[in-house]
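Peer 1: Marked as compositional bias 'Pro residues' by Swiss-Prot: 1-12. Positions annotated as domain 'CSD' by Swiss-Prot: 62-129. Per Swiss-Prot, the feature N-acetylserine maps to Ser2; the stated evidence is a large-scale study or a structure entry. Taken from Swiss-Prot, the feature phosphoserine covers Ser30, Ser32, Ser41, Ser52, Ser58, Ser146, Ser147. According to Swiss-Prot, the phosphothreonine annotation covers Thr45, on the basis of a large-scale study or a structure entry. For 1-52, the entry in Swiss-Prot reads region 'Disordered'.
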Amino acid sequence: MSSEPPPPPQPPTHQASVGLLDTPRSRERSPSPLRGNVVPSPLPTRRTRTFSATVRASQGPVYKGVCKCFCRSKGHGFITPADGGPDIFLHISDVEGEYVPVEGDEVTYKMCSIPPKNEKLQAVEVVITHLAPGTKHETWSGHVISS
(Lines of atoms letter the chains of each structure in order from A; the text may use other names.)
(Lines give C-alpha, C1' and ligand atoms only; values in the text may rest on other atoms or scores of the structure.)
Protein backbone atom coordinates (compact mmCIF):
# COMPACT_ATOMS: atom_id res chain seq x y z
CA MET A 1 0.00 0.00 0.00
CA SER A 2 1.41 3.39 -1.02
CA SER A 3 1.21 6.44 1.22
CA GLU A 4 1.17 8.83 -1.74
CA PRO A 5 -2.23 10.37 -2.62
CA PRO A 6 -3.62 9.57 -6.05
CA PRO A 7 -2.95 12.19 -8.75
CA PRO A 8 -5.72 14.81 -9.17
CA PRO A 9 -8.17 14.21 -12.02
CA GLN A 10 -7.18 15.86 -15.27
CA PRO A 11 -9.73 17.78 -17.34
CA PRO A 12 -10.41 16.44 -20.84
CA THR A 13 -8.30 18.08 -23.48
CA HIS A 14 -10.50 17.41 -26.49
CA GLN A 15 -14.14 18.38 -27.06
CA ALA A 16 -15.00 14.95 -28.43
CA SER A 17 -13.91 13.31 -25.18
CA VAL A 18 -16.67 15.12 -23.27
CA GLY A 19 -19.29 14.86 -26.00
CA LEU A 20 -19.06 18.45 -27.22
CA LEU A 21 -18.77 18.06 -30.94
CA ASP A 22 -19.23 20.99 -33.27
CA THR A 23 -22.71 20.08 -34.44
CA PRO A 24 -25.27 22.69 -35.36
CA ARG A 25 -28.04 22.83 -32.80
CA SER A 26 -31.29 24.55 -33.49
CA ARG A 27 -33.82 25.32 -30.84
CA GLU A 28 -37.49 25.69 -31.52
CA ARG A 29 -38.82 28.93 -30.10
CA SER A 30 -42.39 29.90 -29.55
CA PRO A 31 -43.51 33.15 -31.10
CA SER A 32 -43.29 35.93 -28.56
CA PRO A 33 -44.78 39.40 -28.73
CA LEU A 34 -41.68 40.58 -26.88
CA ARG A 35 -39.28 39.30 -29.56
CA GLY A 36 -38.90 42.69 -31.28
CA ASN A 37 -37.95 44.40 -28.04
CA VAL A 38 -34.76 43.92 -26.12
CA VAL A 39 -35.13 42.92 -22.50
CA PRO A 40 -32.47 44.38 -20.22
CA SER A 41 -30.14 41.95 -18.55
CA PRO A 42 -30.02 41.54 -15.65
CA LEU A 43 -33.65 42.47 -15.18
CA PRO A 44 -33.91 45.53 -12.95
CA THR A 45 -36.59 45.03 -10.31
CA ARG A 46 -38.07 47.04 -7.50
CA ARG A 47 -36.00 44.93 -5.09
CA THR A 48 -32.68 45.56 -6.84
CA ARG A 49 -33.22 49.27 -7.53
CA THR A 50 -31.17 51.62 -5.40
CA PHE A 51 -32.91 53.93 -2.95
CA SER A 52 -31.67 57.03 -4.80
CA ALA A 53 -33.02 55.73 -8.14
CA THR A 54 -36.38 55.04 -6.48
CA VAL A 55 -36.51 58.57 -5.06
CA ARG A 56 -35.59 60.15 -8.42
CA ALA A 57 -38.31 58.13 -10.18
CA SER A 58 -40.94 58.99 -7.55
CA GLN A 59 -40.22 62.69 -7.95
CA GLY A 60 -40.46 62.54 -11.74
CA PRO A 61 -43.44 63.37 -13.94
CA VAL A 62 -46.32 60.96 -14.59
CA TYR A 63 -46.60 59.70 -18.17
CA LYS A 64 -49.48 58.05 -20.01
CA GLY A 65 -49.31 55.09 -22.34
CA VAL A 66 -50.87 51.83 -23.48
CA CYS A 67 -49.74 48.33 -22.57
CA LYS A 68 -48.25 46.89 -25.76
CA CYS A 69 -47.73 43.42 -24.29
CA PHE A 70 -47.19 41.76 -20.95
CA CYS A 71 -46.26 38.16 -20.14
CA ARG A 72 -47.07 37.21 -16.57
CA SER A 73 -45.00 34.01 -16.71
CA LYS A 74 -41.91 35.89 -17.94
CA GLY A 75 -42.60 38.79 -15.61
CA HIS A 76 -42.22 41.66 -18.03
CA GLY A 77 -43.72 43.56 -20.94
CA PHE A 78 -43.66 46.88 -22.76
CA ILE A 79 -45.64 50.12 -22.74
CA THR A 80 -46.16 52.29 -25.81
CA PRO A 81 -45.93 55.93 -24.68
CA ALA A 82 -48.96 58.11 -25.54
CA ASP A 83 -46.67 60.86 -26.84
CA GLY A 84 -44.76 58.50 -29.15
CA GLY A 85 -41.19 57.38 -28.83
CA PRO A 86 -39.68 53.95 -28.21
CA ASP A 87 -41.50 51.35 -26.13
CA ILE A 88 -40.74 51.37 -22.41
CA PHE A 89 -39.73 48.21 -20.54
CA LEU A 90 -42.07 47.14 -17.70
CA HIS A 91 -41.16 44.67 -14.94
CA ILE A 92 -43.82 42.76 -13.02
CA SER A 93 -42.59 44.20 -9.70
CA ASP A 94 -43.47 47.74 -10.83
CA VAL A 95 -47.17 47.09 -11.53
CA GLU A 96 -49.43 48.64 -8.89
CA GLY A 97 -53.00 47.52 -8.28
CA GLU A 98 -54.90 44.26 -8.45
CA TYR A 99 -54.95 43.46 -12.19
CA VAL A 100 -52.37 41.88 -14.47
CA PRO A 101 -51.86 44.25 -17.45
CA VAL A 102 -53.01 43.08 -20.88
CA GLU A 103 -52.55 44.51 -24.36
CA GLY A 104 -54.57 47.69 -24.78
CA ASP A 105 -54.83 48.70 -21.11
CA GLU A 106 -54.30 52.42 -20.57
CA VAL A 107 -51.68 53.08 -17.92
CA THR A 108 -49.88 55.86 -16.11
CA TYR A 109 -46.26 55.44 -15.08
CA LYS A 110 -43.08 57.17 -14.06
CA MET A 111 -39.68 56.43 -15.55
CA CYS A 112 -36.37 55.27 -14.17
CA SER A 113 -33.10 54.70 -16.03
CA ILE A 114 -31.77 51.16 -16.35
CA PRO A 115 -28.26 50.64 -14.98
CA PRO A 116 -25.39 50.17 -15.54
CA LYS A 117 -25.17 52.56 -18.50
CA ASN A 118 -28.45 54.39 -17.76
CA GLU A 119 -29.06 54.73 -21.50
CA LYS A 120 -32.51 53.10 -21.54
CA LEU A 121 -35.61 53.66 -19.45
CA GLN A 122 -38.08 51.44 -17.68
CA ALA A 123 -41.57 52.17 -16.39
CA VAL A 124 -42.07 52.25 -12.61
CA GLU A 125 -45.11 52.88 -10.41
CA VAL A 126 -47.33 51.59 -13.24
CA VAL A 127 -51.07 51.99 -12.62
CA ILE A 128 -53.79 50.68 -14.96
CA THR A 129 -56.19 53.60 -15.46
CA HIS A 130 -58.59 51.99 -17.97
CA LEU A 131 -58.95 48.28 -18.66
CA ALA A 132 -58.93 47.38 -22.36
CA PRO A 133 -62.58 46.87 -23.40
CA GLY A 134 -63.69 43.42 -24.48
CA THR A 135 -60.82 41.59 -22.82
CA LYS A 136 -60.57 39.26 -19.87
CA HIS A 137 -58.50 40.53 -16.98
CA GLU A 138 -56.91 38.43 -14.30
CA THR A 139 -56.18 39.55 -10.78
CA TRP A 140 -52.83 38.68 -9.24
CA SER A 141 -54.66 36.12 -7.11
CA GLY A 142 -56.02 34.37 -10.23
CA HIS A 143 -59.64 35.57 -10.47
CA VAL A 144 -60.78 36.39 -14.02
CA ILE A 145 -63.20 39.18 -14.94
CA SER A 146 -64.44 40.47 -18.31
CA SER A 147 -64.25 44.16 -19.06
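Note that Cβ sites are derived from N, Cα and C of the backbone, with glycine treated the same way.
Help me picture these features in the structure, burial and contacts included.
Peer 2: In the predicted model, residues of the domain 'CSD' (62-129) average a pLDDT of 91.
According to DSSP, Ser146 (phosphoserine) is assigned to a strand segment. Other C-beta atoms found within 10 angstroms of the C-beta of Ser146 (phosphoserine) number 9, with every protein chain shown included.
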Peer 1: Looking only at the domain 'CSD' (62-129), what are its DSSP counts of helix, strand and coil residues?
Peer 2: 3 helix, 41 strand, 24 coil
